[in-house]
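Below is one structure, written out as structure tokens; the observations come after it.
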Amino acid sequence: MMEEEQTLVKGGTNLEGSEAKLELTVDEVVEEYVGSLGFSQLVHVLLVSLAWIFDAQSTLVTIFTDAQPPWRCKSGLCRGYNNSSSNTGSVCELVSGTWEWVGGHTSSTIAEWNLVCDRRFLAALPASVYFLGSLIGSGVYGHLSDTWLGRKRTVQLSCILTSITAFATSLSPDIWTYAFFRFTNGFARSGIGICCLVLTTESVGRKWRGQVGQYGFFFFTVGFLTLPLVAYPTRTHWRSLYKVLSLLPLAYAVLLLPLVSESPRWLLIKGRTKEALQVLDRFARLNGKQKLPSNLSLTDPTGSSNAAPCTTSEGAEITPNNREKLWTTKWAAIRMITVMLAGFGVGFVYYGVQLNVENLNFNLYVSVAINAVMEIPAVVIGTFLLGFTNRRLLLSVSSYIAAVSSILCTFFSHKGGTSKVQNNHGGGSWGQLIIEGIGFMGASTTFDILYIYCVELFPTNVRNFAVSMLRQAIMLGASVAPLLVVLGRLSPSLSFLVFGGFAISSGVLSMWLPETRNAPLYETLKQQEEEEKHSWISHNDGALELGK
């Protein structure tokens with residue numbers, strides 16, 4: 001009998017001639033049979049990451065639609081005042097009818113609804129509620145993608161709703177309706193980023209997770225960089241800009257997204273093992289690998305011997321995973337709170353600096369284009385450094401670069417601001433623009449790294465929820481930023497000083513998080529807790545041995 005059992009293990013067949021069961025984790029299947037990063041995963045990552053373009057355009061469109069346009073006097077009626085794009089005090093001192101907006105009243109929401117003087121803070125309302133909508137939507141989409149819809153269908157739903165709400169925004173008759181539709185647009189688009197990030201990183205080997213996550217941010221940069229090109233032809237009609245941008249996510253959701261595969265990790269965690277193996281087999285064959293072994297099965301992600309095993313019947317769910325909650329697991333809850341506090345500061349700085357570009361007193365289209373270009377080295381540097389640098393160190397250093405640059409901008413802001421008020425010409429400073437660009441590059445790197453870090457800090461069964469909670473914290477910070485931007489029209493130096501303070505706080509908070517470079521992606525909270533505890537004990541035992 002013993003000889004027969006040995007034959008079963010070594011030869012791979014039992015008495016009936018069937019193959020022995022080969023049980024591996026998703027990570028092991030990817031590394032051994034699929035390939036850590038092959039052609040199929042590159043195509044998958046590319047198709048998924050395209051959605052970041054629409055996420056960027058939807059988020060940053062208000063830089064142009066809600067900016068204060070330049071004004072001019074009518075036939076010398078307001079003699080002594082020159083054209084200005086930001087000195088609202090001079091406009092408020094003029095008699096109504098003696099001046100006009102250069103691009104006409106349809107050039108921006110400020111011009112159309114007269115959001116100047118005592119109504120100036122209403123101009124910050126649409127951008128603020130947009131981020132509040134994103135905050136609420138992040139939680140909703142995170143729950144849907146982890147429990148019901150999955151990553152792929154959540155992205156599809158988000159793109160379709162983004163298209164509908166963007167078009168509805170273009171029809172707004174007043175500032176209050178406009179703010180409402182911006183809120184719904186923020187809610188709609190919030191599922192794109194979190195699900196795209198998770199969907200791409202869950203399809204590759206651990207070596208490439210950081211770099212692949214950065215690819216999505218590159219396409220976010222593409223969306224940012226192309227926005228001025230789309231906005232300039234519509235510069236006299238802000239409604240047309242929304243209509244153009246509403247077409248792109250709908251076309252993507254209908255034509256390209258159906259070609260994308262669902263995350264095999266999510267399928268496994270939902271008990272849909274057969275579908276997970278089909279996705280992995282498709283990846284392997286497109287990579288030029290052999291078909292997955294017929295006796296291959298995926299390891300029970302609960303990591304518990306007394307847990308209900310994964311079933312191959314489609315639609316069945318693994319009961320132990322459904323009972324695990326992030327907020328009731330102490331270590332995970334503490335980690336999540338730390339990530340969210342850091343995320344609040346990152347969101348405040350990253351989006352605030354972008355919206356604050358109008359306070360640089362440069363040509364708006366040129367300033368936005370330069371900021372967008374600075375995202376490219378941020379992505380490239382982040383992608384390169386993630387390959388061999390600790391996440392925690394990279395996150396904190398990039399935060400401090402953003403902080404120092406923002407604080408340095410206060411000196412240039414003071415000088416430029418004085419000139420602008422006294423001379424009313426708005427010359428601006430190239431030194432300020434360069435330093436602001438470096439600071440934005442640091443903020444962009446911090447933003448990108450924090451998302452990758454969050455993906456690696458939490459297991460599959462709560463990963464999308466954790467990323468959505470980070471997204472909520474980032475959006476909460478972003479929702480406050482427009483108020484500071486409006487205040488920055490009166491005191492640019494104050495806005496940059498506040499940005500610097502928040503960047504420092506995010507860098508300090510990151511030091512309380514564990515390092516995740518080259519760590520595996522765990523499937524459940526229980527599994528991650530046990531593995532991390534074991535790794536910590538092994539690390540300390542090794543340190544004690546070295547001490548001896």
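Using N, Cα and C of the backbone, Cβ positions are placed for all residues, glycine too.
TrEMBL lists 294-314 with the feature compositional bias 'Polar residues'.
What TrEMBL lists as domain 'Major facilitator superfamily (MFS) profile' is 44-518.
The annotation region 'Disordered' is assigned in TrEMBL to 294-315.
Annotation source TrEMBL lists transmembrane segment at 121-142 (among others). Below 8 angstroms of C-beta separation, residues 59, 62, 66, 68, 109-110, 113, 115, 154, 158, 175, 178-180, 182-191, 194-195, 347, 351, 355, 464-469, 471-472, 475-476, 478-483, 485-486 of the same chain, each at least six residues beyond the ends of the transmembrane segment (121-142), sit close to that stretch.
Counting residues 6+ beyond its ends, the transmembrane segment (154-173) has Cβ neighbours under 8 Å at 48, 51, 54, 58, 141, 144-145, 181-182, 184-185, 187-192, 195-196, 199, 239-243, 245-250, 252-253, 257, 260 in the same chain. The feature transmembrane segment is assigned by TrEMBL to 154-173 (among others).
Taken from TrEMBL, the feature transmembrane segment covers 212-234 (among others). Tertiary proximity for the transmembrane segment (212-234) is limited to same-chain residues at least six positions away from its ends with a CB under 8 Å from its CB atoms, namely 37, 41, 45-46, 48-57, 60-61, 63-64, 193, 196-197, 200-201, 204, 240-241, 244-245, 354, 365, 368-369, 371-373, 375-376, 378-379, 382-383, 386, 444, 447-448, 451-452, 455.
The transmembrane segment annotation in TrEMBL covers 240-260 (among others). Same-chain residues lying 6+ beyond the ends of the transmembrane segment (240-260) with a Cβ under 8 Å from its Cβ atoms: 44, 47-48, 50-51, 53-54, 57-58, 61, 64-65, 152, 155-156, 159-160, 162-164, 166-167, 169-170, 199, 230-231, 234.
Annotation comment: TrEMBL describes 332-352 (among others) as transmembrane segment. Taking Cβ pairs closer than 8 Å, the transmembrane segment (332-352) reaches residues 59, 131, 326, 395, 399, 402, 406, 443-444, 446-447, 450, 453-454, 457-458, 462, 466, 469-478, 480-482, 484-485, 495, 499, 502-503, 505-506, 509-510, 512-514, 525, 529 in its own chain, all 6 or more past its ends.
The transmembrane segment feature in TrEMBL is assigned to 364-386 (among others). Outside the transmembrane segment (364-386), and at least 6 residues removed from its termini, the chain residues within Cβ reach (under 8 Å) are 60, 63-64, 67, 85, 210-211, 214-215, 217-218, 220-221, 224-225, 227-228, 231-232, 353-354, 357-358, 394, 398, 433, 436-438, 440-442, 444-445, 448-449, 452.
Taken from TrEMBL, the feature transmembrane segment applies to 393-413 (among others).
The transmembrane segment annotation in TrEMBL covers 433-453 (among others). A Cβ distance under 8 Å defines the sequence-distant neighbours of the transmembrane segment (433-453), meaning residues of its chain 6+ beyond its ends; these are 193, 197, 201, 209-210, 213-214, 217, 339, 342-343, 346-347, 349-350, 353-354, 357, 360, 362, 367, 370-371, 374-375, 377-379, 381-382, 386, 391-392, 394-395, 398-406, 408-409, 412, 467, 470, 474, 496, 499, 503, 506-507, 510, 513, 516.
Here TrEMBL flags 465-487 (among others) as transmembrane segment.
For the transmembrane segment (493-513), the list of distant contacts is 335, 338-339, 341-346, 348-349, 352-353, 356, 359, 392, 395-400, 402-407, 409-411, 413-414, 417, 436, 439, 442-443, 446, 450, 453, 457, 477, 484-485, 487: same-chain residues at least six beyond its ends, Cβ to Cβ under 8 Å. Feature annotation from TrEMBL assigns transmembrane segment to 493-513 (among others).
The average pLDDT the prediction assigns to the domain 'Major facilitator superfamily (MFS) profile' (44-518) is 82.
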